[in-house]
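Structure first, commentary second.
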């Protein structure tokens, strides 16, 4: 390149090699883009089939173009040229709101439809009481030795949750049998609003370094949630869903945005973008309603999201499958996160360098390569045939998928743990810390963001899996939500599979399946983006 | 635990270079105090690599003992023998006796964790935890289950480490927000908060600028009033300035000479030490 | 402090306090779970598969119908209703998917890796790498649907004789799906090539093209090779895409005849799903055949993983 001048001969040669280099470079770029572009085209096709944007009135498109696209582009363009950090903040808030609304939908399914609010409330009380006891016990850490403390904690949880059959009622039982029980929305507002208030209060207290501010913010969050419950019926919506969306999506996003406005003076102009998007959407929606423009005849609509399967593609819905996927995800997370992180901690922090450790090591990397269908066989053979469990239940599906992603969780957690600087461990051991103290105080807190990222990505893999669920006999068609760990379970990818093979018809191919694919991909995309945002934040900090 | 070795076969090991130089028992400490740490024929291997050969020396109480030598000579390895940090390295193997006030720390029944609670350590690179300054200082107290008025201990330790005035208004900010020299003083405060008997320092100033270095040096001299300080340094002037006794390690992991600092720098017994001190070698 | 105090203090054995024991045992059990999983997989597959074969069934004390091991391994017809269990019919179509996806994924994956490791700017990498991760993150059943609904009709324009279910579209989507795997492992191998080697090349007046193809790729060859094997093992085990897009009738096809890619057939994994969806009774011959296929699949992928691991380990020794 720079070396090939000197003589005419060399220049001619340099010309040739430069051409070859340029061609090669573009060939490589084309190869890199091939998969991405192919997938993008396929996604456009499926989104078009599912949402059918061209069926909307021209006026509908024009209205939203004027109220949403134009202002957002202008504000975004301005921020991009002036202050990219502010742009980043603005897009984060918008993304956070979108993901949080999605998440609140999941929470609503779990805490309204799967677990009746009263049952959920009774268990929440049953958990809070022993948890409070544990916190109090921890304060006396130095007076009471470890073994009685653990025993007391265990006993408190057990008594609270299960009672003594025949003698002592458990706390959930007592609550459920109480003569006066609050109505559903009050319970939801108290429980979800309470959790939101706790998180908001802590966050504000931390960034303002002022406990009073935190307390005020927490109370405000609780009040806003309660107001939402009262506001819902006035606007013609259900109180319960209003409470959930407010507590899970609106309050946290507003708190984050408010916190950023208070602490990040240089970037807070970016919130303008978030405001533009939100106001633009609302104004657009009101305008098309007022002017009577019809929107697209999307197959991804409220009915699709809330109906069960039907043999007619127009009426078929994904609801039981969505609920099943959520329950499976919770089960898989509960099973694979502690065991995966535990195994990673053992291998990185405890294991002596001997044959057994090396064997576990090789074993885990081989398990990561075992096809998912074989894990399905494992679930079928061990859980169903040998342990005699019913086929296709939430717990069997969850356990099988947990085993499937366990190697991935272990491998990514090990990477995160290995990334903790050796200096930190040395400092801790040098102070006379034991292994567990070092793990608890130094290694796990430092590695946590990395572990979380890896686990979210692995969970994304789990909820996209179909083959193991088929193997353990999950039903292809399910008409109701699973409500217990021993209920039969369906899942979004399984429903997509059933529609595209067992109900194969032009109707399903062009309506229900694309809609199902879009919902599944949106959920996965949300999870992956959370993981990527976490990772970027983590990487830029360290 | 790996790394602990049978201490009974030390009769089989023959003393070599140490007897040629000044063995520790022959020299007299500058201050009138007993011996805190005494090593007898310590050998360390990393896998097949023989990192330390037959190290014997006695470290007196409430004094600064410096270890100097070219890089890779094993001085840090020896320091890590004292609080058994070498146990954390799988391939490390230690043979020989090393006693702390008469108790051999390589006895099979000795718990390295308990040992490290009596022997504090400050590392080459400042390594505060990503927690607040306050949390950093009380870390040792919390893990060792020491009770007391933490606020008072934090203030005392930070004052002792000459850091109090700079951080007293921001005790709850992250320790990582401090400058390098402040971070190292925070690490010293952290190490002395649980009140150890011995303080090991592994080139504590090598990552710092000259001003911070001289602050650390002043601090080390003061700390020697209360603690037995063992400091590794590759900076000979530093050793000469702050230490009472000096051990010179040379390539191959042998202790060539151990004596009063003044004697080492003015009139060393060994020609190799003289060459090293005068810069002809190393 | 008296010596006695020192003695008791130093020998207090914090290693075995209840808290340490409890946590250490928990972590150990978590790690041991992976061994239990492996043993369960191997044990289950071996036990159930041996109930399937005439030659091993007596050992398992199984009476009733069994199948011949020789017929299983050499037969080319898979028809459960006729009790014909020739696994080669399934293996041949798995092989076709593997070859087909390799043709797409191996060159594209390596090219991607070279681009990312040698050419792309940091900004381009920060966009391209997450995009590639999405390729691997799309559920396989979605890929199967794409192949069936969008790719097959598009291919029909070029190849009018193509079947609704065909190996070509299945191979294409499996290929796209495993590109990120080839790319990321190969890129790791290329990034591990020391910069001195590159600079030596540039110092001799080599162009970027020369350095990439003449120095980096050969130096990273074992890593690239290892990524190939891993990706192909993934293609062999891939289930849903082939079930939806290729899975029809079991058929013995010639994998090296390009025309046979226009037909549909039944890879091993798709056959397992199909068996589950047909009515099979627990303990019957069809049920056991599931585990026999599973064992073949497991052994093939295990061997490939071990080879890949071995190759990768050897290359790590070089640097």
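Placed from the backbone N, Cα and C atoms, the Cβ positions cover glycine too.
The feature transmembrane segment, as given by TrEMBL for the ranges C:165-185, C:186-206, sits at C:165-185.
Long-range neighbours of the transmembrane segment (C:87-116) within the same chain, counting only residues 6 or more positions beyond its ends whose Cβ lies under 8 Å from a Cβ of the stretch, are 72-78, 125, 128-129, 132, 167-168, 170-172, 174-184, 186-187, 189-190, 212-213, 216-217, 224, 227-228, 231-232, 235-236, 238, 242, 246, 250-256, 260-261, 265-269, 271, 292-293, 296.
Remote same-chain residues near the transmembrane segment (C:285-307) are listed as 41-42, 44-46, 48-49, 51-53, 64-67, 72, 80, 83, 85, 87, 90-91, 229-230, 232-233, 236-237, 268-269, 271-272, 275-276, 278 (criterion: CB distance under 8 Å, separation of at least six residues from the stretch ends). Long-range Cβ contacts of the transmembrane segment (C:165-185) within its own chain (Cβ-Cβ under 8 Å, at least 6 residues beyond either end) map to 93, 96-97, 99-106, 108-110, 112-113, 116, 132-133, 135-136, 138, 140, 143-144, 146-148, 151-152, 155, 159, 223-224, 226-228, 230-232, 234-235, 238, 241-242, 245-248, 253, 260-265, 267. Tertiary neighbourhood of the transmembrane segment (C:26-47): same-chain residues 60, 291, 294-295, 298, selected by CB-CB distance under 8 Å and a gap of 6+ residues from either end.
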